[in-house]
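As structure tokens, the structure follows; a few thoughts come after it.
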């Protein structure tokens, strides 16, 4: 009893006599008065190089589900609940981030209050997070930065755990399923660059432009911005009704002022969502999306880096971090001017596009054609060759290859829904779960084609199974993946290939993928006491053939006169059967007006 009291004396208190966070050397046993739990081996970050966090949005969601369930449990109602972690600096930082995020989302604490609680007690300082580059860390992202990013995302409606679909998030973030994430729901989708033909190359699944069409059309993606050199014909997107723009700059580098202006102009004049890609969809992609969010939502550089990495781990790398820090003041000024002119302009005089055309003092360029060819700017001859590594591949190539080595995640039992037969909002092509007998046979398919074992230079941290007691069916080979492969992985220029892609509920034909996968003004000094890191209503129909069912009637939430500044929700829904508190702070439905 004395030992137990001693542990709590040094613990961080989040709810008096109820919720604590502690760093312990040994694994404690729960007692009559205290319940201990840890997520150190359950929610594990998948690193690229020396990066180790923050944990992604799906893991934040799973943690909140877990903690809400414990706090609502009748058997634990009279006990103190202690989330404990070990002295491993990386695991400890991620554990602290999770309980801090919970405090911000559910306990209505400010990021500063939550961070202050983490610093209380006898806890040592926390290791800051870093980027996913190969070299030394030159930019520290603190836990406080991450909590502030969560708070900003919550305020602006970038996520809502009442409607978040964790299975969908984890499905589409995987390389074989498209490798994309929403950064601003209904506005920005970050994805890995398409290739001329869907195939597996050196163990890495590549997707043709056509593979993305059903999902893009279903979720109102109207424009595609390419930041890497041309490897597929833009005509393939434009012929399908999408606008396509080329804004090339070198892999791992920072964009010129001209590129930033043109990107902002495109985004401010585009109705609908914009899909942005470079090679891996991490560095260049995250940097330009960050510029827009800093301008229109007044995120600080640290807040937006944190938010984008929580949505899409590994984003914004090396000098790109410092670039955003330098650009923060000017982007804020541009945003203030933009909002001032938008506010003073009578709404009856025309649309936002007409207003934008008069903002000459903001140095926004003129209208761009649907297909913006870099030859006009003399930049088409630029290539990523300047930054190739000794083995002939670029930073983006390496990051994509590392990501492709990740093992499929087995979902924890608490994440499964009672309405598994319903289609996901991001993909209605998953009307059922495969039976255990089908799973058994699927495992034996041609998995040898995929390079799943980590390289000697960069070992991957594989996720461990999160199920603690219940037998959980494999998420990686459910029917959603089966059906979506017909769209995401079998689309090529070859007519025969197109014929073989199936949208049937009961099965799908064997493409290379189906065979494989059935198995402020002045930047503030950030001196914290640390050491040296979707609008989608769930579809109730169960037609599992494709990804392009019509969007739901949710868009009424968006304010019509500021559509480019408000995210809408077209896809992160979940069932009411989840273990979630229904007392989410009201700030989730409030927007901040600057």
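A Cβ is built for glycine as well, from the same backbone N, Cα and C atoms used for every other residue.
Feature annotation from Swiss-Prot assigns region 'A' to 7-162.
Residues or ranges marked as region 'Linker' in Swiss-Prot: 163-176. Along the region 'Linker' (163-176), the predicted structure has mean pLDDT 94.
As annotated by Swiss-Prot, region 'B' applies to 177-343.
Here Swiss-Prot flags 179-336 as domain 'Tyrosine-protein phosphatase', drawing on sequence analysis.
According to Swiss-Prot, the feature active site, phosphocysteine intermediate maps to 278, an assignment based on sequence analysis. According to DSSP, residue 278 (active site, phosphocysteine intermediate) sits in a coil region rather than a helix or strand.
Annotated region 'Disordered' per Swiss-Prot: 396-435 (among others), in sequence order.
Swiss-Prot lists 487-560 (among others) with the feature region 'Disordered'.
What Swiss-Prot records for 532-549 is compositional bias 'Low complexity'.
For residue 278 (active site, phosphocysteine intermediate), the Cβ neighbour count at a 10 Å cut-off comes to 28, with all displayed protein chains included.
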